[in-house]
Structure formats: structure tokens, C-alpha cells
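Undergrad: First the structure, then my questions, so here it is.
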Amino acid sequence: MSLYDTVLGIIFFSQTGVGVLGNSLFLCFYVFTLFSSHRSRLLDPILAQLTLTNTIVLLSQGCPLVNFYFGNIYFLGNLGCKMVFYFQRMSRGLAVCTTCLLSIFQAVTISPSSSRLAKHKVRVLKLISPSCLLCWIFNVIIEVNVPLHITGSRRINSNHTGGFEVLYCYWETKLKGKIILPFLRDILCVGGMVWASGYIIVLLYRHQRKVQHIHCTSHSQKTSPEIRATQTILLLLSIFVSAYCISCSFALYKVYGTDSGDWLVVVSIFTSLCFPTISPFLLIHRDTQIFRSCCASWQKPSLHS
């Protein structure tokens, strides 16, 4: 095992471990807050689904790379590659759809009463849970053909032709023509994120101008929980879209470019894992309800002592 492989193994092991730990912590905090306050916020189902999706992405992409770079190259056979690659594609699509839902529903939530969205706000917000379920069903079905064209590595299947190696698995060229629906899904979802982000930014700008004179005369500069949550979601969207575009650029160059080096796959996967690693810590840091619930529970024993 070379120094290069050892360094990459440590990098992906650290990234996967930290990401899974962060998402597990957020899920624990979410469940604790739900049971301690006995109330759920509108976007909590989407955030919980996003956290679960992040965990699947990290485990399905990070764990195989850790095994690969620590010397266990032939740990996946044909069946293993089919299962792992299917979960990778399905969870990636689910992350795109869930993040798009988060941005659109947040835009609807903060829309002013004078806007067109406000007329349908109650009706739209009732669709949060069904939309989350629909995301799962849609992505489970749309990627069902992926395992048919993924096999074990060329290192153990020397008869592979017409495709390219994806480190520990082999991607047949025939799969190129079967990614139209996932491509359209990604374009629509990213477009929805961009629209929702632009709408949210405009609303925040208008809100800031309206309350600017209040801030000038008041000593308190505290931001309301609604604005703080909206800023957090905007930050999440910017990180997701940036990581998604960079990862897709390297992946497309790997598929259609002349350079078939493994470094393209490494950079693409590392970039795609940045969002599921960072997002839970960002949510925990900026979620005031989590801290209020935890502080309240810690203070209860001291009040009775």
C-alpha cells in the first residue's frame, strides 16, 4: 500500500466518520427536541429526511473508498458493486430532490401575505410529508436500471470492454444513454433551488430595508428565528449547489473526456461528500430551538435541587 493510497484512505475515513457522526447527532437532537417540546416545525420532516439521506450518501460512497485505499481492492464482487452503486445513485438523487423541497417550502413559508404564494400557503405546506414520500418512491424507481450496467472491477473481470473503471467497480458505456431522466431531474431540482434562493434573497432584502430604521434606533440587533432559519437554508443551498456543480463537472469529464485518470473520480466523490459532512454541523450550530430545548432540560434538575 503506497503513501498516496494511505493518505486518501485517511482523508475519506475522516470525512465519512465526521459526516456520519454529525448527521447522527442532528437526528438525536431532532428526536430529543421533538419529544421535549412536543411540537414539530413545518420543515422538520424535510430536514430529518435530508439528514438520513446524507448518512446514506456518506456510507455508500465513503466506506467503499476507505476499503479500496486501505488495500482491500477486491472486496466488492458483481453483486456488491450493483448494490453499492445503486444506493449511491439513489441517495444522490434523493439529496437533490430533498434539498430542492427544502428551498421551495422555505420560500413558501416566508412569503408575505400580499404575495401570490400566500394564497396557497396553507394548501402547499400540507404537501410536505407526501412530497418527502414521493421523493423516495421516485428516486427508488428512476435508478432501478443502474445495477444492470454496473459490474465488478476490471481487475477481476478482464473481459470488460467499452466502458471505464470507477476505482472498485466497472461502468459500462451503455449506461450513458440511460441517464436522461436523472439528468432532467437534476436540472429541474437545481433550477428550483436557484429560483427559490433568488426569491428568498429578494424577500430578505425587502425585509432588511423595512426594519433598517428600527435597527438604527434600537440597541438590540438580534435576528428573529425565522430570518435566522432562512439564512441557514440559503447557506445550505449555496454549499449544495457549489459542491454539486463541481462534482458533476469532474464526473462528466471522466465520462466524456479523454483523461481517464482515477483522480477525477476521487475529486468528484470528495466534493460530493462535502455537503453531507458540513450540513449537520451547520444546522446544529444555527438551530436555536435545539439549544433552547437542551438548555431547558439541563436546567430542570437544578431548579428542583
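Even glycines carry a Cβ here, placed using N, Cα and C.
Got these off TrEMBL a minute ago, pasting:
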- 22-283: domain 'G-protein coupled receptors family 1 profile' (DOMAIN)
- 6-35: transmembrane segment (TRANSMEM)
- 90-112: transmembrane segment (TRANSMEM)
- 183-205: transmembrane segment (TRANSMEM)
- 232-253: transmembrane segment (TRANSMEM)
- 265-284: transmembrane segment (TRANSMEM)
Undergrad: Can you see whether the transmembrane segment (6-35) and the transmembrane segment (265-284) are touching - at least 3 CB pairs under 8 angstroms, only pairs 6 or more apart in sequence?
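TA: In this chain the transmembrane segment (6-35) contacts the transmembrane segment (265-284) - 3 or more Cβ pairs sit under 8 Å.
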Undergrad: Can you give me the average pLDDT across the domain 'G-protein coupled receptors family 1 profile' (22-283), rounded to a whole number?
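TA: A mean pLDDT of 81 is what the predicted model shows over the domain 'G-protein coupled receptors family 1 profile' (22-283).
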Undergrad: So which residues does the transmembrane segment (90-112) touch in its own chain, when a touch means Cβ under 8 Å and the partner is 6 or more beyond its ends?
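TA: For the transmembrane segment (90-112), the list is 42-43, 46-47, 49-50, 53-54, 56-57, 60, 118, 120-121, 124-125, 128, 131-132, 135-136, 138-140, 142-143, 182, 185-186, 188-190, 192-193, 196-197, 199-200, 203, 226, 229-230, 233, 236-237, 240, 244, 272, 275-276.
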Undergrad: Could you tell me what the rest of the chain brings near the transmembrane segment (232-253), counting residues at least six beyond its ends with Cβ under 8 Å?
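TA: Distant Cβ neighbours of the transmembrane segment (232-253) are 95-96, 99, 102-103, 106, 186, 190, 193-194, 196-197, 200-201, 204, 259, 264-265, 267-269, 271-272, 274-275, 278-279, 282-283, 286-287.
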